[in-house]
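Feature annotations, courtesy of TrEMBL:
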type	residues	note
TRANSMEM	112-130	transmembrane segment
TRANSMEM	150-168	transmembrane segment
TRANSMEM	174-193	transmembrane segment
TRANSMEM	213-232	transmembrane segment
TRANSMEM	252-275	transmembrane segment
TRANSMEM	321-341	transmembrane segment
TRANSMEM	353-376	transmembrane segment
TRANSMEM	388-406	transmembrane segment
TRANSMEM	426-443	transmembrane segment
Amino acid sequence: VTQELNAMGSRLVDCNADLSPGRGVSNPGLDDLVRWHETLRGRHERLTCAFKTRIHRELSTQAAHSSIMKDFGVKSMATVAGWMTSETVVSYINHGTDRLGFGHQANNCIGWVIYVATITLLVPTFEWLLRDTPPANSFRRDQVQLFKTCLPMLFAWAWKGLVSAVLALRGNDFLTKMAIAGVLTGFVIVAELCPCYSRNAKAIKMHGEGDTICARILVFPGHLGLSVGFAWNTLCTHFVNIACAHVHEPLLVLMIESVYFCVISAVITGITVFLQRRIEDQKSELTEVDRAPSQSNKELLKITHTIEFVSSTTALDAVHFVYAWGQLGVLNAFFFTYLFGCESPTSCENFGYQANFLFAVVLTAAAARGVGVLALETRAQAWNRAGSWLAAQALGLNVGWAWANFTSAAIADAVGHDGGVKLPPSVMHTLCAVFAWMVISLMHRKFEVERRAWDRHVAEQEAEHHV
């Protein structure tokens with residue numbers, strides 16, 4: 001902009017010099033000077049507008065990137081915190097259930113039932129107690145926000161662990177997986193269709209008089225997306241796991257996982273495009289039905305559109321978890337099976353937790369870069385937008401699951417090590433859980449400090465350039 005203004009000024013000076021006395025050209029009249037002035041002012045305004053537009057676009061991109069990285073980091077940290085807490089508490093419960101003598105799988109299932117019942121009551125209670133966030137930007141406020149973000153993940157991991165325990169109890173057969181996936185999906189849809197669910201959800205959102213502990217307990221089906229997605233993922237990967245179990249060549253395992261991910265990603269992307277369009281249509285239909293005058297079939301239309309809307313949102317919540325597990329499966333197959341010759345991330349005997357740590361670090365760095373690219377770039381087609389959304393959502397979960405696998409491998413190595421101090425698994429889980437929460441708290445605090453500093457920088461730039 002400065003160069004352009006200087007160039008315009010130079011041209012005006014040259015023009016005035018050419019029109020000065022002694023050059024054989026008459027002096028410019030008043031109309032000519034006014035016209036040149038208007039032209040110069042118009043060009044200056046256009047350049048200033050273009051400059052402000054560019055600054056605004058860059059600042060908006062920076063602010064959006066800060067928000068995206070916050071969501072990515074919080075989702076990954078909440079995943080690790082939820083998994084570590086669930087495993088630690090259940091390990092203590094299993095000490096008591098092991099004395100029942102029903103067998104390891106049955107006792108483990110009972111332990112998860114007890115934990116789910118407890119967490120279903122505790123999570124809504126803590127959410128209600130912490131519904132008012134401290135106003136000041138302090139360490140306490142950041143920790144309260146982190147804990148509130150982790151509460152839904154604690155609930156989700158509890159129910160996911162229960163589903164996994166029930167499947168293990170039944171031998172992971174195909175019919176059991178199909179039954180659990182269908183029953184769990186139907187339960188979530190029916191529960192969200194109940195009038196009390198929508199009424200309590202609205203009261204919680206508005207922080208009205210209906211925002212009570214009981215109301216928050218009644219809306220718990222809205223947090224079962226991870227469990228529903230896990231149930232459908234076990235069903236989708238049933239035959240893939242059987243094929244990989246019979247194939248001992250790492251390259252073939254990688255090929256099988258890659259083909260499965262390509263197929264499932266194409267199918268899920270198509271389903272996502274359909275569901276997102278359907279959700280938007282149902283929102284519009286519900287709005288029109290509410291605004292329409294009294295009709296004989298108004299309630300019937302509202303019920304129909306509500307059923308389609310709830311079923312679509314439930315399905316969309318589940319399929320993106322299936323996509324995330326498929327994406328992590330092909331990454332694990334490449335890194336652990338193909339490169340290191342391991343059957344799974346938690347069964348790497350030769351490399352153990354070292355390989356998991358390397359994988360988690362590399363995936364975190366790559367995912368942090370990839371999320372920003374996927375979320376900030378605008379896609380023209382609905383298919384590409386859905387694919388980018390699925391990949392961005394999956395990367396945050398993949399990072400959390402990768403660190404959870406590292407923690408599991410590290411605990412197994414520490415407990416099974418012959419030398420040194422021998423600690424029970426539950427004690428080791430407790431130490432790792434406390435350490436994980438401490439690291440996550442400090443990282444979240446540092447992340448929030450840097451994010452607020454960046455937001456202030458963006459605001460200062462906007463004020464400086466009058467954007």
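Cβ coordinates are placed from backbone N, Cα and C, and glycine is handled just like the others.
All annotation found in TrEMBL is predicted automatically rather than curated by experts.
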For the transmembrane segment (426-443), distant same-chain residues with Cβ under 8 A (at least six beyond the ends): 73, 77, 80-81, 84-85, 87-88, 91-92, 94-95, 143, 146, 407, 410-411, 414-415
Distant-in-sequence neighbours of the transmembrane segment (112-130), which means Cβ under 8 A and at least six residues beyond its ends: 86, 89-90, 93, 97, 144, 147-148, 151-152, 154-155, 158-159, 161-162, 165, 211-213, 216-217, 220
Stretch in 150-168, 213-232, 252-275, 353-376, 388-406 most in contact with the transmembrane segment (321-341), if contact is a CB pair under 8 A: 252-275
Proximity verdict for the transmembrane segment (388-406) and the transmembrane segment (252-275), three or more C-beta pairs under 8 Å: yes
Positions on the same chain near the transmembrane segment (174-193), where near means CB under 8 A and six or more residues out: 163, 166-167, 221-222, 224, 227-228, 231-232, 234-235, 238, 306-307, 310-311, 314-315, 318
